[in-house]
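Here Swiss-Prot flags 22, 83, 122, 457 as (6S)-5-formyl-5,6,7,8-tetrahydrofolate binding site, drawing on sequence analysis. According to Swiss-Prot, the domain 'TrmE-type G' annotation covers 219-378. What Swiss-Prot records for 229, 248, 250, 253 is K(+) binding site. The GTP binding site annotation in Swiss-Prot covers 229-234, 248-254, 273-276. The annotation Mg(2+) binding site is assigned in Swiss-Prot to 233, 254.
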């Protein structure tokens, strides 16, 4: 398969030390040669070499650059690739790109370089999606999972499962088409059930990692809730180590929702500092309270903050009711002051949920809180090198569908259905697993997936 030659800026827009303009395609080296001036033509250059020179337009030098030449097939796209390293100015970089376009290159679509790597067989679809996961990773663990997926760990597992299914289907077909062959082992219902159970167990094992994988990939929407002036904004600022929220002794000073991402011991949290939830006549504060209630309803995880220096109120107890059904940690703040809170009542309300004491004004208790969050979601350490990790929402959905098809095979066999009937669901499971790696996928889905990438990737 041969495509045209594409070009795009691969680095983020704006001022910086360098910017990279990438070309890929059959004419990549020739097009770059038309605008690059040095002692040696790029067309004569060996693969994976770097060359110093200038970019000229109508005889005028417009950039001083370093150019990398990489010849097919030992490139990301398996095509000839040229990368021009220029100074990171907005005007100069765009001028170089426009010059390439005028000399025969076409502007790349979002994700087109990665799409070509997939279409040319350099990577499969799950590996291509892992590229975006790596770019978006917010923690070292998330990065580790993405890198392992890019290396093909998930792909190999899925292909092994598909091969198990294919072997069973092939034997069923031989039995149906050539029943007179005595030397071909008959695929009995018992044998097919054993094959199905083997694949089904592996799919279930993959899905068991999905919840933690989804946390690593997307982060947890974390609502910090509590009555006004219990220390919610102080907690936010301590976790992110920045003064993002207003901290005063005046109740109700947080009128809006403040969001910030933070990495807590490998757990990516999207922290939402909500306005204090209470009954109020202040119109502006009332809007903030309503937004807080919505954030609470949508949250994956809750930090419920109480003031240890005050007695438990009806509003506090209502927060426990609102948090029911969520994972949450109770934060008993202001331990530097006299304890007036009924701790036994708090334990009763919290049930099995962790309780951590803090004095945010004295920087006390934060480590214990971080450890409680890590333990709550990651029982022990996640092994980012685990080859069976699944974190992509599309993959999880396909695995669930494949599991349903495999369950249908098991049910059919147990009901005594003929092997040639239950093989329909077996084939469906094979197809669904193939959609994860891109071995069976529609063009419309490919366009949708790769359009999520940035230009130049």
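Cβ coordinates come from backbone N, Cα and C, glycine included.
Spacing of residue 22 ((6S)-5-formyl-5,6,7,8-tetrahydrofolate binding site) relative to residue 233 (Mg(2+) binding site) is 44 Å (Cα to Cα, whole number). Separating the Cα atoms of residue 122 ((6S)-5-formyl-5,6,7,8-tetrahydrofolate binding site) and residue 233 (Mg(2+) binding site) is a whole-number distance of 48 Å. Ranked by how many other Cβ atoms sit within 10 Å of their Cβ, the binding-site residues 22, 122, 232 place 122 at the bottom. According to DSSP, residue 83 ((6S)-5-formyl-5,6,7,8-tetrahydrofolate binding site) is assigned to a strand segment. Taking the C-alpha positions, the distance from residue 232 (GTP binding site) to residue 83 ((6S)-5-formyl-5,6,7,8-tetrahydrofolate binding site) comes to 48 Å. Across the domain 'TrmE-type G' (219-378), mean pLDDT in this model comes to 78. Cβ neighbours within 10 Å of residue 229 (K(+) binding site), excluding its own Cβ and spanning all shown chains: 20. Residue 233 (Mg(2+) binding site) sits 46 Å from residue 83 ((6S)-5-formyl-5,6,7,8-tetrahydrofolate binding site), taking the CA atoms of both as reference points. Of all Cβ atoms in the protein chains displayed, 19 besides its own lie within 10 Å of the Cβ of residue 83 ((6S)-5-formyl-5,6,7,8-tetrahydrofolate binding site).
Cβ neighbour count for residue 233 (Mg(2+) binding site) (all protein chains, 10 Å cutoff from its Cβ): 25.
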